[in-house]
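Listed features, source TrEMBL:
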- Asp15, Ser16, Tyr47, Gly48, Thr191, His192: substrate binding site (BINDING)
Amino acid sequence: MDPVPQNSYPIGILDSGVGGLSILRALQQGLPRESFVYFGDSQNAPYGARSEVEILRLIQHAAALLLQRQIKLLVLGSSTITTVALTDLRSRLTLPIIGTNPAVDLAVDATLSNVVGVLCTRATANGKLLDDLVARFAIPKGVRVLPTWHNDLVPMLERGETDTPALRAILRETLGPLVMAGADQLVLASTHFTWLKPAIRAEFGDAFGFVDSAETVAVEVANILRCEGLSVSTGQGGSTTYLFTGNLGFARAAVAALLNSDSALEATEAQNLVIQSPSPSTP
């Protein structure tokens, strides 16, 4: 029997929960022939509130599970994971690994007020990665970058709360000061926060232009596949396998609501949810 060619292997996406589904959606739309394996560690979310030692241990375990699925490329689905684990994983693994970075450079290019907000996690706000991006892209152009975070946002989104009174109150508390400071661009530095766009728009109108990390990651993945000769060039649409830890009900609801998927879901283990479905076709 001929071996399965490597370019037919799936792309792995690793996140602390449902946030990385925004990257998955962008990848499914841009690369409809590719197959994907998504791992969401909802049981241990939010990573942004954990120590770097804890995060690294969790990511190493999750990456090992994805490698068992013969992935050809690994996407780290949040800036928190990228900040803590990218260097370590690249030193251990031979496959291409794509991180998710706050797209500060794009926001700096787009701002008219020279003030940019970054909605992120505490780990990203206090990490070296964001400092390096600000020093590289913002400071030379005289742009102020204002990070902000709230520890309850990611847990609320993990529960499927994309627009509730409690969520709106947190958005006013967290983003209101950015409006007062004159920020006209908002970097969504966690892929979880893609799902906040409608609520932010409803609360603040057109105060912000959004810079979404999920979309920039999808472009980078497509470029890497092409350069490495790993793209699927023939065949119909690929498939997607979802692996979740934690509450299976929340995982089912998230996949159904956030990806507008009504595919049949199958729980195969008490601690692992495995869902297999065709990838949606490009609209």
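From the backbone N, Cα and C atoms, a Cβ is placed for every residue, glycine too.
Please treat TrEMBL annotations as automatic predictions, because they have not gone through curation.
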Next item on the list: Determine which residues of this chain, when Asp15, Ser16, Tyr47, Gly48, Thr191, His192 are set aside, have a Cβ within 8 Å of the centroid of the substrate site's Cβ atoms, and list them as they appear in the sequence.
Entry: Gly17, Gly19, Gly20, Ala45, Pro46, Gly77, Ser78, Thr80, Ile81, Thr121, Val154, Ser190
Note to self: Please give the maximum pairwise Cα distance, in Å and rounded to a whole number, for the substrate-binding set Asp15, Ser16, Tyr47, Gly48, Thr191, His192.
What the structure shows: 13
Margin query: Under DSSP, is Ser16 (substrate binding site) part of a helix or a strand, or is it coil?
Written below: coil
